[in-house]
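Okay, so here's the structure we're looking at.
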Amino acid sequence: ILRTLNSWFWWENIWMPINCTWADFVDRDGLVFPKPQQLYATIPYAFVLLIIRFFSERYIAIPLAKALGIKNVRRVKPQPNPVLESYFRECSKHPSQSEIQGLAKKCNCTVRLVEKWFRRRRNLEIPTVLRKFQEAFWRFSFYLTSSIVGFIFLYDKPWFYDIWQTWVDYPFQSVLPSQYWYYMAEISFYWSLLFTLGIDNKRKADFLAHVVHHFAAIGLMSCSWCGNYVRIGTLVMFVHDTADFWLEAAKMFNYGRWEKTCNMLFILFAIAFFITRIILFPFWILRATMYLPTYYSTTPVIAYFLFNGLLLILQGLHLYWGYLIFKILKRFIFLK
């Protein structure tokens, strides 16, 4: 069954134009093609990023947080109590008064002690400001680095200025070393974010949207690597990263209570977000993936619909986040 599914998945008609086969994707005459098995390396690379994250958060983020006036608040742990812990995990984190009285009788202690235990236990679930700052610092560091490196990799490429160049000579486009490492770093980063979803600060408003975004990003980048849509893929990654580091910087200064700096950075983020995600992405990137390929082929392959479907999912998330950002800006301007 697995062998059959594998043959279906790698069927040439899914990935590449008519009259092309996987045999055409063998390195030759100076042409280097992306290889699907190279994506396996993103998993160990993700763990390397997690190690880098651990040391950067510990030895750079914490001293920086102290310089901004953020203190490490140590929360008091409640006394170990298997009965209350089991109720907290399986039933309710906010028991009613009658439930507290029943638990007090069961544990042979006072109602006040039970209330105090649940209050302290709930506090342990809330990440400290320092922990939030460390996460924001890591994301800021990666997005800023990837934006700078991405610009260095792309600024001298013709397709950075002329979107038509993304399809010239397709699918026989050679993959550059810079494109390889750009892809590996981005995919590995999103794998690392998925690995730490359980311990990172959970965002109530858009937690599910973040999960969908991470899976869509990994699927999109991985499939575009297999189909050699690398030129347009690097543009998609660059457009996404250039707005995100402004938001993480705003968060860092918000945690340090640098209100004016935070406000200024958030406004810069909002401007960058609307330019890159609401204007450039649909009218530059999506135009290149949905409209321009029709000039090169009258019979789109299945991958055409797969990639554009994932890109449209990302655009839907952009509109959702754009709506949230607009609400925040509206409150900021009119309610101060």
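Cβ atoms are placed via backbone N, Cα and C, with glycine included.
The DNA-binding region annotation in TrEMBL covers 86-123. Marked as domain 'Homeobox' by TrEMBL: 84-122. Among the features that TrEMBL reports, domain 'TLC' is placed at 131-334. Summarising the annotation, TrEMBL assigns transmembrane segment to 39-56, 136-155, 180-199, 265-285, 305-326.
Outside the transmembrane segment (180-199) by six or more residues, the chain places 34, 38-39, 41-43, 45-50, 53, 142, 146, 149-150, 153, 211, 214-215, 217-218, 221-222, 225, 230, 233-234, 237 with a CB less than 8 A from a CB of the stretch. By the Cβ criterion (distance under 8 Å, sequence gap of 6 or more), the transmembrane segment (136-155) is counted as touching the transmembrane segment (39-56), at least 3 such pairs being found. Using DSSP to sort the residues of the DNA-binding region (86-123) gives these counts of helix, strand and coil: 29 helix, 0 strand, 9 coil.
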